[in-house]
Amino acid sequence: MEKAAGSPSVGGSYPQKNAEILSSQYGINLFLAGLLLTFAWAVHAVGISKSHLLSYLITLMLIQLLWMLWYLCRSCTQRRLIRDKDTHAGARWLKCGITLFAVITLILDSFKIGYYIDFSNCLSPTEGIFPVTHAVHTILQVYFLWCHAKDIIQSFKTLERFGVIHSVFTNLLLWTNGVLTESKHQLNEHKERLITLGFGNITIVLDDHAPQCNCTTTTLCSVFSQGIYYLYPFNIEYHILASTMLYVLWKNIGRKVEHHQQHKTPFKFHGITVGMIFGLIVLTSTIAIVVVYLIQIGRSKIKSELALTMFYLHTIFVLALMCTAGIVALLIYRLEDRSLDNSKNPARKLDAELLVGTAAGSWLLSWGSILAIICAQAHPKYTWYNLPYSVLVIIEKYIQNLFIIESIHREQEKVNDDIKTLRIVTISRGSTLSLTPSYKEIYNGRAARDNGEVPCLFKGSICRRENDGGGGAKEETSQENSLVMHSASDFSFYSSSSVTNSKRRILKNIAAFLFLCNLSLWIPPAFGCRPEYDNGLEEIVFGFEPWIIVVNLAMPFSIFYRMHSAASLFEVNCKT
C-alpha cells in the first residue's frame, strides 16, 4: 500500500528531473561552444574573427531577450495569482549592487559605441551592434531580476528551465568575453613593466587586436579606449552576479517551500562604529596604495621595486588583521551553543560553494608564488615579501570561509517570551509571582477596569494585602524576602543578556570590518595592481607563457571571491 501511495509522487518527479538534466546539458554545450569560439579568436585561429564571436553573443542575448519578454508578459497577465517566493533569494542589497554595476556597464557600452563610431571605417558592423544589444539586454535583465528573482516557477516548468539556464550561460559567456578582453589589455602593459624590472630575457609578441586604421578624433579615441578598460571590472562583476541570481532562480523551479514568515534583517549602522572606522581606514589607505602603485610601477627598476614592496607590506598588515578578526569571531561561535539551520536553501548553498570554489583561484596563485620563491636561484629583495603575503592569503581565506559559512548557516536567535515580558518567577506560598504582567493578565486587567475593579497584577501579593488589610509583620517580611529573590533573578537575567549583546556587538563589528577589507582587497587586482604579473620571479621559474595562462585563469576567480565575500559579510552583518 505504501508503495502504491508513493509511486505517483515518485513518477511525477521523473519528467522534471529529466528536464533539469536536459536543460543543464543544453547550457553547458552552449557555454563550451562559446568558450572555444572565444579561445579561437584570442589565438588568431584561421577563419575565426571577432565578428564571429560577437555574432554568437548577440544571438544568445536576443534569444534571452525574447524569453524575458515572454515571461514578463505572462507574469503581467497572471499578476492576481498568489505565487510562492523564495525569501532568501534576491536580497534588496544584492539587487542594489547589481543595479550599480549595471549602470556602469551602460556607461561602458556608450564608450564602445563612441569607439566604434571613431573607427567605423575599419571595424565590423557587429562591433557597433553588440554594445547596443548589450545595453538593451542589461536594462531588461536588471528589471527582470528586480521583479522576479524571488519567483518559484510552478507552470511551464520545462520551458522555463531552458529559458533560465540559457540566461545563466549567456551571462557567463559575456563574463568570459569581458575577462579575456581585460586580460589582453593587462598583458600589454605587463610586458613593458617586466622590461623596466630587468627581465629582458622574457620575450613574447602580444597582439591586442587594435584597429588597422586611424581614428577620426584622436582625443576622443584615447578617452574611449582608456576608459573602457577601467570600466571592465564593473562589467565583469555585473555578469557574474546576474548569472548567480539566475542560477538560484533555475534551482527554485518546481520547488516546494514551507510557508513561514522570515524576519526582516535591515542593515543598521548602530553598534558597528569601531568596525566601520577601522575598515574605512583600510579602504582609504588601500586606494592610496593603488594610486601610488599604478603611478610608480614601470617608471624605473627602483620605483617598481619600491611600489611592489609598499604593496606587499600594506597587504600583509591588512591580511594579518583580517586573520585575527576571523579567529576572534570563530572563538565567540565556539563559546555559544546555537544550532545550525540545515534546511534546503539553494541561495545559501550556492553562496558556500562559490566561496570555496573561487578561493581556489587565489590559493593556486599563492602556491605558485611560494614554489617560485623556493625554487628560484636569484631572489631580489622585494620578492621575499611575497612569501608571507602568499601564506597569509591562504590562511585568511581559510579562516574567513569558515566564519562566513558558519554565520549564514546559524539559526537566527529568537526572542523568548520571558524576555519580551520580563517575567521573573519566584515562589511565595506555593503561588507564582510576576513582576510584569503577561498579555493575558493585561487583557484580564482591562476587562476588570471596565467593571470598576482594580486588576491584580501581582498574584498573591498586592491583592492579598488589600484583602488582609496589611495583616501581620510576617507577611511583610515574606514579601521583602521575595523582592530580594526578584532582584537576584533580575540581576542574573540582565547580566546574561548583557553578555549576549556584547558578543553580538563584537561579531557585527568584525563582519563590518571584514566587509570593508574585502572591498579594499577587490580594488587592486580589479584596476590593474597585480603583483602576480609584476613580480617577475614566477615567470622565470615557470616560464612566461605558462605562468601568464595560470594567472589569467585564476585571477578572475580571485577578484570575484572578494566581491562575493563582501556581499556575504554584508548579509552576515544584517543577520547577526
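Placed from the backbone N, Cα and C atoms, the Cβ positions cover glycine too.
Given the structure is predicted, the values throughout are model-derived calculations rather than measurements.
These come from TrEMBL:
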- 26-47: transmembrane segment (TRANSMEM)
- 53-72: transmembrane segment (TRANSMEM)
- 93-117: transmembrane segment (TRANSMEM)
- 129-146: transmembrane segment (TRANSMEM)
- 229-250: transmembrane segment (TRANSMEM)
- 271-295: transmembrane segment (TRANSMEM)
- 311-333: transmembrane segment (TRANSMEM)
- 354-379: transmembrane segment (TRANSMEM)
- 510-528: transmembrane segment (TRANSMEM)
- 540-561: transmembrane segment (TRANSMEM)
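When each of 93-117, 229-250, 311-333, 354-379, 540-561 is checked for Cβ pairs under 8 Å to the transmembrane segment (510-528), 311-333 comes out on top. Listed as Cβ neighbours of the transmembrane segment (93-117) (distance under 8 Å, sequence separation of 6 or more from its ends, same chain) are residues 123, 127-128, 130-132, 134-135, 138-139, 141-142, 145-146, 149, 216, 220-221, 224-225, 227-228, 231-232, 234-235, 237-238, 241-242, 245, 267, 567, 570-571, 574.
Sequence-distant contacts of the transmembrane segment (229-250), counting only residues of its own chain at least 6 positions beyond either end whose CB sits under 8 Å from a CB of the stretch, comprise 23, 86, 89-90, 94, 97-98, 100-102, 104-105, 107-108, 111, 138, 141, 145, 148-149, 151, 153, 161, 164-165, 167-169, 171-172, 174-175, 178-179, 181-182, 185, 346-347, 350, 354, 526-527, 556, 559-560, 563.
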